[in-house]
Amino acid sequence: MASLIYRQLLTNSYSVDLHDEIEQIGSEKTQNVTVNPGPFAQTRYAPVNWGHGETNDSTTVEPILDGPYQPTTFTPPTDYWILINSNTNGVVYESTNNSDFWTVVVAVEPHVNPVDRQYTVFGENKQFNVRNDSDKWKFLEMFRSSSQNEFYNRRTLTSDTKLVGMLKYGGRIWTFHGETPRATTDSSNTANLNDISIIIHSESYIIPRSQESKCNEYINNGLPPIQNTRNVVPLSLSSRSIQYKRAQVNEDITISKTSLWKEMQCNRDIIIRCTFGNSIVKLGGLGYKWSEISYKAANYQYNYLRDGEQVTAHTTCSVNGVNNFSYNGGSLPTDFSVSRYEVIKENPYVYVDYWDDSKAFRNMVYVRSLAANLNSVKCTGGSYNFSLPVGAWPVMNGGAVSLHFAGVTLSTQFTDFVSLNSLQFKFSLTVDEPPFSILKTLTGNLYGLPAANPNNRNEYYEISGRFSLISLVPTNDDYQTPIMNSVTVRQDLERQLTDLREEFNSLSQEIAMSQLIDLALLPLDMFSMFSGIKSTIDLTKSMATSVMKKFRKSKLATSISEMTNSLSDAASSASRSVSIKSNISTISNWTNVSNDVSNVTNSLNDISTQTSTISKDLRLKEMITQTEGMSFDDISAAVLKTKIDMSTQIGKNTLPDIVTEASEKFIPKRSYRILKDDEVMEINTEGKVFAYKIDTLNEVPFDVNKFAELVTNSPVISAIIDFKTLKNLNDNYGITRIEALNLIKSNPNVLRNFINQNNPIIRNRIEQLILQCKL
């Protein structure tokens, strides 16, 4: 059966690479820090939308929604929407250039009969006739082209979000009109756009015109939830002013500061020393053939002085996107050949992960505006002698590339015990003189750097430069940033898992039911389960190891060892003096299950609660006493296998979490039954119990004493077709005793026959089980 995969994951021994353990320590180890926020802290949460990433020197990153700002008067810049959040009736804003453009927007609450109201606009008392027979607010845009003219209503916005917008762009003033959620923009001409100023009477926001689609979304649907909390305090518009400072080579600058957090700009010069690692593998035989010459990641630790401070640094150099070359001197055993040797040319990248023990790397968690400037370095290859048993030795000689800085991001370096947040510098390559060749062969005048001797007797290659970043750190320097190590790695994985969960849940509609039953009957092992993923056999083995490592911490794995005791205790704790009738056994609140099952009274509540607890343990009992019938875990594993094969996003990093979650979350509503002679006792995870005869499917009293005796000795059967479905099937179609018995035993062949006959009741039941396979 397909549930064999779960049994293998529970029972098989496995090995774990040291790198896997180190990666787990880095991503899961947490440190709890208690911080008392001061009186000026607006929220108790860490900031959102912070993350690692490269920002070029010439790039300015703007927020989508900047604000809120207090009511003010200013001359708005062009290409920026001013979004105003009106909270009362009256004047929302006034705008003019004192030449050919005067406009004022007034808010009118819902259900207002025609009435004349007095408004103070541009220092004058004006009377406007307003009305609003809508359930929404109305914003009347009153306009005049001269100070001598009277205002008239140019356009109206009917809105339930109480937001209005104004934009200076292209020689025109743009606003919104119509009715939400389908309000659109319209414009007014003016000959003097630059001098238009605005008087804002409510809180306002600033949105770049490049994000006009978001502005349209806010106008029609309202602000995001974080902007609707009273903890967000409006600031003065002057806070947008930037104080420019010329940064020194090595210094920390406080950009902003509150009682809890502060932004520190960190500027450092840096010396990067790195070395290439390689691996040379010789084939067996007579000694004339080599298997591979390849690049490997190499670590290097060193010390240097930075402004009089002794710095201990650690680098890891790796290569991505190598070119594979080969040389074959002939087919004889004594002909020299190299099956594969790697060469880096223009297309690969070299990555150097850098970490040092200075203060700059102590709180490198929330980082923005990360940039660096590094010089280039030329790497020239040396010679490598292929020592043949007889004859002249071929020599791979020469080759050169230059490394040019191409970007920087946050990364994680792994030591023997912990993971460290570090900087990853990316270098692009250009080929350089001299070319490389293999002397004594016809291979010559090739450009690039082969992996045979990339360091050329150099202890290291050195790159100098500087980097700058803005880091969010606790205001108190004695605090460590309260977040897990390697947070960026885990956040990336969580984003991948979120996307994968959505894809998995959407695939439920595409599963063919008849094929699912056939797949559920197959003995799925780890290789067949993961073989649908596009990968090599070695990667499949690695994925299976990762899945087992994750699965051992699942709720299913931790519960299986305690199954016997917990099942026995839970069963014996139920009262043995009361029988329960099915139709009165449903209790609405099953969440308050007692942790101490020994303190049980004879009340109906306690019996039903214990029954619900027992039903959750029956899955574990079923797994170790498998019958010939189909189980919920067979369907769960079959659906999981189908979705893995159909998925386009599954990978080595996400597979362990998905398999573990599937074992715990697929088909949460289950029913299990015990069969004794001609009577069936059925119980589900919601605490409902049924007892009925096989011949008539009529209910009989549920005997707790009998159930407690049978549960430890009789096999447990998954109620794929539960009692209600059986009853419905018999009432509408009529079934024989043999058919009923086979359905009670979850016979897969009988289930397949009903599905092939397109029986709507059975098909609907199976469809509901498939739809329960969600993460």
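The backbone N, Cα and C atoms fix where each Cβ goes, and this holds for glycine too.
So that you can see what the record holds, here are the features copied from Swiss-Prot:
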COILED    483-510  coiled coil
DISULFID  C317-C379  disulfide bond
REGION    65-223  region 'Spike head'
REGION    247-478  region 'Spike body and stalk (antigen domain)'
REGION    388-408  region 'Hydrophobic'
REGION    509-775  region 'Spike foot'
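Sorting the disulfide-bonded residues C317, C379 by the number of other Cβ atoms within 10 Å puts C317 first. Regional average pLDDT for the coiled coil (483-510) in the model is 56. In the region 'Hydrophobic' (388-408), helix, strand and coil residues by DSSP number 0 helix, 13 strand, 8 coil.
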